[in-house]
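Here the structure comes first, spelled out in structure tokens, and everything after it is commentary.
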Amino acid sequence: MLPASPKMEHKAVVFLLLLFLKSGLGDLLDDYVNTQGASLLSLSRKNLAGRSVEDCAAKCEEETDFVCRAFQYHSKEQQCVVMAENSKNTPVFRMRDVILYEKRIYLLECKTGNGQTYRGTTAETKSGVTCQKWSATSPHVPKFSPEKFPLAGLEENYCRNPDNDENGPWCYTTDPDKRYDYCDIPECEDKCMHCSGENYEGKIAKTMSGRDCQAWDSQSPHAHGYIPSKFPNKNLKMNYCRNPDGEPRPWCFTTDPQKRWEFCDIPRCTTPPPSSGPKYQCLKGTGKNYGGTVAVTESGHTCQRWSEQTPHKHNRTPENFPCKNLEENYCRNPNGEKAPWCYTTNSEVRWEYCTIPSCESSPLSTERMDVPVPPEQTPVPQDCYHGNGQSYRGTSSTTITGRKCQSWSSMTPHRHLKTPENYPNAGLTMNYCRNPDADKSPWCYTTDPRVRWEFCNLKKCSETPEQVPAAPQAPGVENPPEADCMIGTGKSYRGKKATTVAGVPCQEWAAQEPHQHSIFTPETNPQSGLERNYCRNPDGDVNGPWCYTMNPRKPFDYCDVPQCESSFDCGKPKVEPKKCSGRIVGGCVSKPHSWPWQVSLRRSSRHFCGGTLISPKWVLTAAHCLDNILALSFYKVILGAHNEKVREQSVQEIPVSRLFREPSQADIALLKLSRPAIITKEVIPACLPPPNYMVAARTECYITGWGETQGTFGEGLLKEAHLPVIENKVCNRNEYLDGRVKPTELCAGHLIGGTDSCQGDSGGPLVCFEKDKYILQGVTSWGLGCARPNKPGVYVRVSPYVPWIEETMRRN
């Protein structure tokens, strides 16, 4: 029997204060999770006028007809939609020009403190009994009801704590013999951590030794690759302790120049951790939830027990990772690898992947057996799209703002219905840009939780003659008013296109029919060229020029304005690279001239190192390539080559006139050419990064070269390989490069091995795609062998040396 409590007798009740209400509107928005391009199909909603996001947030807080859990803001229509539902219980759809704001408190399935503010959807007690609805009177007549306590969140039969009970959320039960019972709600990770603290969101900002944490958005005193904007789902706020890389517990970079990083002392939560989902005896996805008993690697090695340190020492122990199911010596995937793996009992082989039967072919799996799986379609190289891009089957997987596309078969971070099963003829392969619903151009869901979808960074195939400026334009110079093409997002477009992509005439900017508006008028935006009904981009929309339409049911739409063809811009190849995902040992042969900045350094006509064209007269390479240099007359630079063993028509051969080594002995050097290279579609410079720019960890980059292939394939042909950047903190672990990597160097590679630069690739480029161009971020420098497991390649960071590079070129 439970003791007597306020739940059984009348007692004065402390009225609940909604803790998420703040005094300032700016603070109020901190209590919302926002997602661009997302819309809810809510049944309880109101459409209201709203001039700003803050205005809409205030209207949501003031709503009295229902509990407002979310709102949508439509900037071009100046409209708020306040709603009773959120994404937990209502389908989410993609929509243009909308940002969905959801109250964080209604998305959480955990409690803070005693759970007085808990608004989750758990509806059963600790003992597994279903909760009675708060509005019901059977089997128990409640003392706490929605009518008496309208601010207590007494919805449906969800667990709540309307009387501030110190034991946490509870509910009346559907068992006639048990009036009420407590619910098993996990603690939110703001004061404590579950598992290894991957989801810790607290504000502890000191390390175990008492050092202050360095802010995540700072690069001083320690430069690093955990840039908050590149890790939107890791909550890298302020200088709070976090765990973005799968360590045993949260940590931070420190403000002590002598101590790069250190663990933080975060207490463990006393409640059970949230469920990680069902365990499978077969391989589903990457095997994150594999719970089978396979204990042999793919090459036949027996697995080492996770709790043991011989023959291989490691920190991936059951004690450090209590929620990763590291039992016995069974294959597991505790760190997000491509498949389950284990340390081996062979002292010469540290770890290997395991061969696990797939759930798709396993009799143990009955999930979705009735759904036909479309055949895998082979993507074809395509540099542009025709029409609205429904037929596009290329391999581009980057959005117009540079975000990476989410796989069409994945539901993380965005759940959706545009799957290969639902759209079998739409070519929804991998995470490639597609147009399954006949939008204006190819698009994709993004891997950024804050941005549901975006159009892709693809140009439309055009029959229009190229418009090449007579001379390069200075930064900031706009395209001529008469040009009916746009540069960038078209904010400076002043052409006369006046119909939408669907062919609907545009409404005049000064008119208020059929659509009323007040923000984008000639009076409010006198510098935006809002003349007549011409397509314009007054708000800098990343999707380009738009207009209000003459269709009363369609407030606005985008216009089909082509990009102006410019002269050869740095980092923009005229041939779309293959970007093979293969693992230049083990890479793939590149498409000819798709990496037009690649240079072959020749000594007596023989290739010995790579290099990168960074301007018509300058090449960047590795200093160690020039250690035993003879007279400069022996050296030539070869540009525009694909097959280094054949003299191709596109090749330019230029002697080297001067050599400049970096003065602090970094492995980087500049070569001045005796004459400028002729910029063609086969010869284009790569872009330099901003000074001291840090490449984010896990950024996908590419290396190219003619180096040693160790008998793989493609001898003599330029090869490419895709490599993720590895944070120096990880790369310098004992099992990898053991502290050898300097702050002015970066690591990139697949830790399993199989892909790497090798002899002859030294000095060549490591380029990373940023928004719409390739940036030279690294110069191939050194490695411990070629493509060895656990030994990624090391590259000189280019950004710290940009001031020296620019000054050297300016003076010479």
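Positions of Cβ are set from backbone N, Cα and C atoms, glycine also.
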Which residue, chosen from Ser365, Ser462, Ser518, Ser757, is annotated O-linked glycosylation site in Swiss-Prot?
Ser365
Residue among Cys731, Cys768 that, according to Swiss-Prot, closes a disulfide with Cys747:
Cys731
Which cysteine out of Cys282, Cys433, Cys444 is the one Swiss-Prot pairs with Cys359 in a disulfide?
Cys282
Which one, Cys56, Cys110, Cys131, is listed by Swiss-Prot as the other cysteine in the disulfide with Cys80?
Cys56
Tell me, from Cys131, Cys159, Cys213, which cysteine Swiss-Prot puts in a disulphide with Cys183.
Cys159
If you count, for each of the disulfide-bonded residues Cys68, Cys183, Cys323, Cys405, Cys506, the other Cβ atoms lying within 10 Å of its Cβ, which residue has the minimum?
Cys323
Under a three-state reduction of DSSP output, how is His624 (active site, charge relay system) classified: helix, strand, or coil?
helix
By a simple count of other Cβ atoms within 10 Å, which of Cys56, Cys171, the disulfide-bonded residues in the record, is least packed?
Cys56
Helix, strand or coil at Cys60 (disulfide bond) [DSSP, three-state]
helix
Of the active-site residues His624, Asp667, Ser762, which sits closest to Cys609 (disulfide bond) by Cα distance?
Ser762
Return the single residue from the disulfide-bonded residues list (Cys282, Cys384, Cys444, Cys609) that has the minimum number of other CB atoms within 10 Å.
Cys384
List, in sequence order, the same-chain residues at least six positions removed whose CB sits under 8 Å from that of Cys195 (disulfide bond)?
Pro273, Phe321, Pro322, Cys323, Lys324
Between the active-site residues His624, Asp667, Ser762, which lies closest to Cys384 (disulfide bond), Cα to Cα?
Ser762
Site with most surrounding Cβ atoms, counting all protein chains shown within 10 Å, from the disulfide-bonded residues Cys192, Cys269, Cys303, Cys461
Cys303
The mean pLDDT across the domain 'Kringle 2' (192-269) is 93
